Ligand SMILES: Cc1cc2nc3c(=O)[nH]c(=O)nc-3n(C[C@H](O)[C@H](O)[C@H](O)COP(=O)(O)O)c2cc1C
């Protein structure tokens, strides 16, 4: 029995967002001194050269990252590195601070190993995030920056929002993600329309002197044709990859009474859906466009399924909440064993192994 499996029932008596804030405060305290950071690393890191992934001109020590939303304001990147994650994606970061939707806005669906959130892009804004990254330094693992628009922005202002956050934070980033797939922010216009996407990418391209890799994050609920249309635009602008997927508005097959809450569904029920999106993306692009797979990863097997479907890297949020601090270590150790069992010498060899 792990320590977390004893603490979890207690943490789960608290409202989900309160428990999350408490968890983050603990991680922030743990990363604040060198000895506590080293102790975390010693307890939780798992190193194996077979797990390393070379992508976006950098080396990921392992393919298991923390998804956007967990560390929106870059407060605990060093603790997440010490817990053995292979990369962390901060954000969604908006140009100005934003309070998001009213609480409660985060719910556990325990029977389904899932969560529903309607946070609504709450965050401290790009200037605070920038100062923090300057003060704390970037983590020892690759850093993704997920950029978004203000809830109040119209179509034209939205483009300027993406440009400003990109301009401010891309110098710290190993990759940047344009998030146009949040199901719980107000939408006054069609964020996914080809015209809007083209305008965003054109603007970022003009801004991108340092050639920072740019990816787009997509949702799991779009029909396949519109996903392929988006991929065509991604290729047109020579972007660097896709993050698949964000949370879902579907409630199919759930048991928990909390499914009534509106917002984006994450966790186990999303697993197969997001893996299917990864597979169809990888097939459509002949495995040539890097994919970061996210949705319901909580074990080596679930990470491995996404890798074999075509993901070069995976991320998780909900699995971390349910499984606790040893999540990355457990998944990475299991991945090493699965690679060896199947005769792959590295993660990179297993990417897309299930494709025709
Ligand atoms: C509370 C919460 C907040 C999130 N916030 C963001 C966000 O700000 N930006 C984003 O791109 N995704 C956000 N996500 C989505 C996650 O990054 C991820 O795509 C989704 O949760 C599926 O992964 P999971 O099943 O491992 O949680 C959030 C998810 C949760 C649960």
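Cβ coordinates come from backbone N, Cα and C, glycine included.
Quick look at what TrEMBL annotates:
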type	residues	note
DOMAIN	51-339	domain 'Dihydroorotate dehydrogenase catalytic'
BINDING	68, 69, 70, 71, 72, 92, 146, 179, 217, 245, 267, 296, 317, 318	FMN binding site
BINDING	72, 117, 118, 119, 120, 121, 179, 184, 246, 247	substrate binding site
ACT_SITE	182	active site, nucleophile
REGION	248-267	region 'Disordered'
COMPBIAS	252-261	compositional bias 'Basic and acidic residues'
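Mapped onto this structure are the features recorded in TrEMBL.
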residue: 68; record: FMN binding site; contacts (Cβ under 8 Å, 6+ apart): 89, 90, 91, 92, 144, 146, 177, 179, 217, 315, 317
residue: 70; record: FMN binding site; contacts (Cβ under 8 Å, 6+ apart): 80, 88, 317, 320
residue: 72; record: FMN binding site; contacts (Cβ under 8 Å, 6+ apart): 90, 91, 92, 93, 122, 123, 124
residue: 182; record: active site, nucleophile; contacts (Cβ under 8 Å, 6+ apart): 92, 121, 148, 246, 247, 264
residue: 267; record: FMN binding site; contacts (Cβ under 8 Å, 6+ apart): 109, 112, 113, 114, 115, 296, 298, 318, 319, 322
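Counted with DSSP, the region 'Disordered' (248-267) comes out as 4 helix, 5 strand, 11 coil. Proximity to ligand 1 (Cβ under 6 Å from any of its atoms) holds for these binding-site residues out of 68, 70, 146, 267, 317: 68, 146, 267, 317. Neighbour list (residue 118 (substrate binding site), Cβ cut-off 8 Å, at least 6 residues apart, same chain): 101, 105, 106, 184, 261, 262, 263, 264. Highlighted in sequence order, 69, 92, 100, 182, 183, 185, 263, 264 have their Cβ within 8 Å of the centre of the Cβ atoms of 72, 117, 118, 119, 120, 121, 179, 184, 246, 247, the residues recorded for substrate, and are not part of that set.
When secondary structure is read from DSSP and collapsed to three states, residue 120 (substrate binding site) falls in the coil class.
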